[in-house]
Amino acid sequence: MKQLATREAIGLLRSMTWVLSAVAILALVFTTVNVTRFATSRGVPLPIAILLDPMIGTALAGVLYVDARLASWGIRPPTWSTALRWGAGCTAALMNSWESLWPDDQIGWPRQADPAAVLLHLTPALLLIALTETIAAYRRTVTDLLSRIGFPAPAAPSPPPTSPTTTADRSTHAPTDPDTTDPDRASADHREGRSDCSAPHADHPVTSGTKNLPPHTRDHAADNPDLASKTQPADDRAGEADVWPLAVALDNAARATTGKPVSIWRLRTDLRIGPQRARQIREQLLAHRPPPPAD
């Protein structure tokens with residue numbers, strides 16, 4: 001159910017981005033023509049006049065991309081980002097409607113303005129401003145939705161309080177095969193004096209490698225000691241425990257949309273970690289959940 005909701009949210013975000021991008025391109029083409037005519041009528045050479053509106057469009061596209069990346073990381077964009085969007089949009093709107101507001105070139109209250117022409121020239125510019133704000137808001141909303149769907153990991157169940165002797169005995173006699181998972185049988189074997197169930201595996205101690213694993217990987221790690229040692233390195237256990245739920249959520253989202261495991265680049269950018277650590281986490285994800293076979 002979570003993967004279905006994640007897939008729908010990502011699909012909605014992509015569809016929204018394509019639609020708003022198409023409308024934004026059309027609005028930029030309209031404003032480019034008007035701004036170029038406005039500049040050439042004021043004596044600006046044509047090669048320079050053509051550059052005015054594309055500069056505004058490039059600035060808007062750049063700030064929207066950065067805002068989208070910050071929103072995917074859960075970071076609120078700075079105030080200057082909003083100021084740049086509104087400044088560029090209002091400048092484009094003013095250049096588009098200048099001749100309609102002051103056809104007599106008398107700067108002041110527009111007494112001879114053409115309301116129909118003002119509406120005609122302002123609509124694409126105002127639409128462009130609204131699109132920039134809408135895209136940023138949609139990005140934040142969908143990112144919050146994805147974080148609620150996939151990022152939180154279930155908490156590990158707390159073990160019942162036991163005496164120190166029982167705790168030490170449990171850590172030493174960790175069951176590693178299905179025959180010893182039954183508590184009644186384990187206690188009977190202990191009373192009969194069996195020694196094979198009390199000796200832990202010397203090469204792969206399970207409890208030391210899985211006690212710090214996320215809850216959803218402990219069962220797999222108990223059956224695969226190599227996964228336990230890979231998933232939680234001894235030199236970076238605290239950091240891995242912090243980013244592991246996020247890495248699992250990113251991997252689930254990538255598999256739901258593309259059918260492939262999450263890439264190292266996505267882990268680096270979304271988790272803000274180094275390349276070596278991202279590669280290590282991806283290897284752990286592949287060990288936990290191998291990629292589907294190629295068709």
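Placed from the backbone N, Cα and C atoms, the Cβ positions cover glycine too.
Residues or ranges marked as transmembrane segment by TrEMBL: 12-33 (among others).
Here TrEMBL flags 45-66 (among others) as transmembrane segment.
A Cβ distance under 8 Å defines the sequence-distant neighbours of the transmembrane segment (118-138), meaning residues of its chain 6+ beyond its ends; these are 13, 16-17, 20, 23-24, 26-28, 30-31, 34, 60, 63-64, 67-68, 71, 77, 85-86, 89-90, 92-93, 96-97, 100-101. The annotation transmembrane segment is assigned in TrEMBL to 118-138 (among others).
Summarising the annotation, TrEMBL assigns region 'Disordered' to 152-238.
According to TrEMBL, the feature compositional bias 'Pro residues' maps to 154-163.
Marked as compositional bias 'Basic and acidic residues' by TrEMBL: 182-195.
Here the transmembrane segment (45-66) has Cβ contacts under 8 Å with residues 24, 28, 31-32, 35-36, 39, 77, 81, 84-85, 88-89, 91-92, 95, 128, 132, 135-136 of the same chain, all six or more residues outside its ends.
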